Amino acid sequence: MNLRFTKMQGAGNDFCVIDATQHALTLSPAQLQRLGDRRFGVGCDQILVIESSRAPGVDFRYRIFNGSSGAEVEHCGNGARCFVRYVNEKGLSAKRSITVETVNKRLELHLRDDGRVSVDMGAPIFELARVPFNAEGLSPRLQGGFELWPLADLGVEVAVLSMGNPHAVMLVDDVDQSPVAQLGPQVETHARFPRKVNVGFLQIVSRSAVRLRVFERDAGETLACGTGACAAVVAGMRLGLLDAAVEVQTRGGDLKIEWAGAGASSAALDAPVIMTGPAQTVFEGEISL
Ligand SMILES: N[C@H](CCC[C@H](N)C(=O)O)C(=O)O
């Protein structure tokens, strides 16, 4: 099969975007891994497939596959920004705000006049069983009313939440000195995360600025992770360390995260997380799979 794709990136997190709005498309895990393969394929962190949708109020279906495994996942924040940029550039919709659905979330995507893209990433999920995280037999340390769970075998404690996909966030003094390559995969595949987990290394710079590195589930360390930025900032807010609008410095670029649940009572914890950042088309291509 000859497959046309558009290579895109958002804060350095890179994607192969496949337009399946005109024809149904099923890609095997091997074909997806070929697209993700940086040596013998196209090379990307994730593959994003755009499908039409007949669901009321939904403009498109948004499917996400990790490039290294071909596994379908629930959410991709940097990809969502590229999605609306693609839809606008290709004329698939005249609207600058679109609604898309993933396997388990509906997202509102907005192409701003300044060229950046804002995404309503939905509300964070704190119920451990929905992350999922198995806390059986563990006693958390409480900070600001939020739990930090010990992974004693690794000598770390993690904040645990979901943005639709699972995240574990560790507080570190200096992201540049953090053992991301060693500790990332150990937390990613820890037995207490039955669906594995994306691992955030969060350095607090001020109450409105952080530095972040993320070892992504099934992808390794990426230059940026949108859902990881949302999860890390929400964790920092709930730990009482961050205010309601935070600039996130990643290795691939800067993202802005806003959440009305910061410092709020439990009533506002279901407020949506808003992420703003860049999205760029890099090149068009075709590959024989
Ligand atoms: N590796 C992630 C999916 C991509 C997330 C990331 N690229 C983002 O921008 O949110 C997972 O397995 O849940």
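Note: Cβ is positioned from N, Cα and C throughout, glycine not excepted.
From the candidate list Q33, Q46, Q249, the residue TrEMBL records in the substrate site shared with N13, N66, G77, N78, N165, N198, E216, R217, G226, T227 is Q46. Of the listed binding-site residues N13, N66, N78, N198, T227, the Cβ environment within 10 Å is emptiest of other Cβ atoms at N66.
N198 (substrate binding site) and C225 (active site, proton acceptor) have their C-alpha atoms 9 Å apart, to the nearest angstrom. When each of the active-site residues C76, C225 is scored by how many other Cβ atoms sit within 10 Å of its Cβ, C76 comes out lowest. The distance from the Cα of N66 (substrate binding site) to the Cα of C76 (active site, proton donor) comes to 10 Å.
You'll find the Cα of T227 (substrate binding site) roughly 6 Å from the Cα of C76 (active site, proton donor).
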